[in-house]
């Protein structure tokens, strides 16, 4: 979002900014119109007050029409209500010299960097939110985004108070929530978020995901939309992130700049995910918690959901982690460390705070498996014992997380030490002190304290099927 309050900067920069709020509603309205609708009443000589009044009325009408209000040209209650609604700092009508008509990136692969983090949320949550916000746009375009940790990125994300060095000071809690710059070098493309807001991942405070999707839309070249259903609508409104979808208006706008998604040529006819997760014969390749969510891996994609939530989301593995292969065979999370381990054939990957660690993949034999083991069928971390259980054919191994060593006297037979469980195991999930052992279209709830199966369920029961 690039727009300028100082005329000399209009030629070179395109960003949103905010000054101190005036003392009365009339002055505030003039400030709002100059800030967001290119009202330039302060440039009209004092002797031409009639011209000034006419211009102000025209700008009020323009603003009212944009927001779908009754067009009166008067500063009425509904108009003031919109003006006082929290919003994006980018202008709705920009000076013709401030921004080219169509601004876009001229490359498909873009980098982003989170320069600093808000203290309102866990770093892992912020990372995940921006990853998902970028994915919203990559899902409907050929664009691909990669996070970097140092150096200059195409898109830099910054949390800041007040004056933060770009001529567009934040105004404190409420008012403008964030601003961004249209594509280009240097500061162009960057997105700034007002640290005075209380950033959250819920309906309380200001939802970071929703604002991030909006601002990144600007970073990719989108202007504001006057369609209230569009994520590019200027004012903030809460939508549940788990059920959020881009409007047809948003998809049309972004694809007019970049086109539709390009099929991944590395996927050899992978097919489509099942039309419903409730298919009676559906099985999973791996299942694990990831933070407060549960991931269900299948072929080249995975479903994820919050326990207890009715919403189910589906994502390709490559869009989440471009360096991770499809066909994950086993997975587990060490929640206290925010570490996720993914296994395929004789290799495994470490995902730390949702970011793949460098120097991976590594060989599963470095964990202590003999050369005869060529792949892991399933894995699960037991936080009470601080042990990882690896299931391979009819046997299982136990790995000590504290010692980082495979326990002695292993492998052991699954059928002997897990009564009621017969090989082969597809996936194992630890949830609320129980193991959920997936075998084909069914799962067995296993109580490790009682050493017995306590329930038999459909594999898809997690989805309310």
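Keep in mind that glycine also has a Cβ here, set from the backbone N, Cα and C atoms.
What Swiss-Prot says about this one:
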- 86-93: motif 'Cysteine switch' (MOTIF)
- 120, 195, 197: Ca(2+) 1 binding site (BINDING)
- 164, 166, 179, 192: Zn(2+) 1 binding site (BINDING)
- 171, 172, 174, 176, 194, 197: Ca(2+) 3 binding site (BINDING)
- 281-324: repeat 'Hemopexin 1' (REPEAT)
- 313: N-linked glycosylation site (CARBOHYD)
- 325-371: repeat 'Hemopexin 2' (REPEAT)
- 422-465: repeat 'Hemopexin 4' (REPEAT)
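The two recorded residues, residue 174 (Ca(2+) 3 binding site) and residue 197 (Ca(2+) 1 binding site), have Cα atoms 7 Å apart.
Other than the site residues 120, 195, 197, same-chain residues with C-beta atoms no more than 8 angstroms from the centre of those residues' C-beta atoms, the Ca(2+) 1 site, are 118, 119, 159, 193, 194, 196, 198, 199, 205, 206. Within the same chain, residues 124-125, 128, 131, 135, 138-139, 144, 146, 240, 242-243, 264, 267, 270-271, 273-274, 330-333, 335, 338, 340, 342-343, 349, 351, 354, 356, 378-380, 426-431, 436, 438, 440-441, 459-460, 462-464 sit at least 6 positions outside the repeat 'Hemopexin 1' (281-324) and bring their C-beta atoms closer than 8 Å to a C-beta of that stretch.
Of all the recorded positions given, namely 120, 166, 179, 313, those whose Cα is no farther than the 10 Å limit from the Cα of residue 194 (Ca(2+) 3 binding site) are 179. With the fewest other C-beta atoms within 10 Å around its C-beta, 164 stands out among the binding-site residues 164, 179, 192. Mapped onto DSSP classes, the motif 'Cysteine switch' (86-93) shows 0 helix, 1 strand, 7 coil. Reduced to three states, the DSSP call for residue 194 (Ca(2+) 3 binding site) is strand. Broken down with DSSP, the repeat 'Hemopexin 4' (422-465) shows 3 helix, 24 strand, 17 coil.
Every protein chain considered, the tally of other Cβ atoms within 10 Å of the Cβ of residue 176 (Ca(2+) 3 binding site) stands at 24. With a 10 A radius on its CB, residue 171 (Ca(2+) 3 binding site) counts 17 other CB atoms from all the protein chains.
For residue 172 (Ca(2+) 3 binding site), other Cβ atoms within 10 Å of its Cβ number 16. Residues in the repeat 'Hemopexin 2' (325-371) partition by DSSP class (helix H, G, I; strand E, B; coil) as 7 helix, 21 strand, 19 coil. It is 25 Å from the Cα atom of the residue listed as 'N-linked glycosylation site' to that of residue 120 (Ca(2+) 1 binding site).
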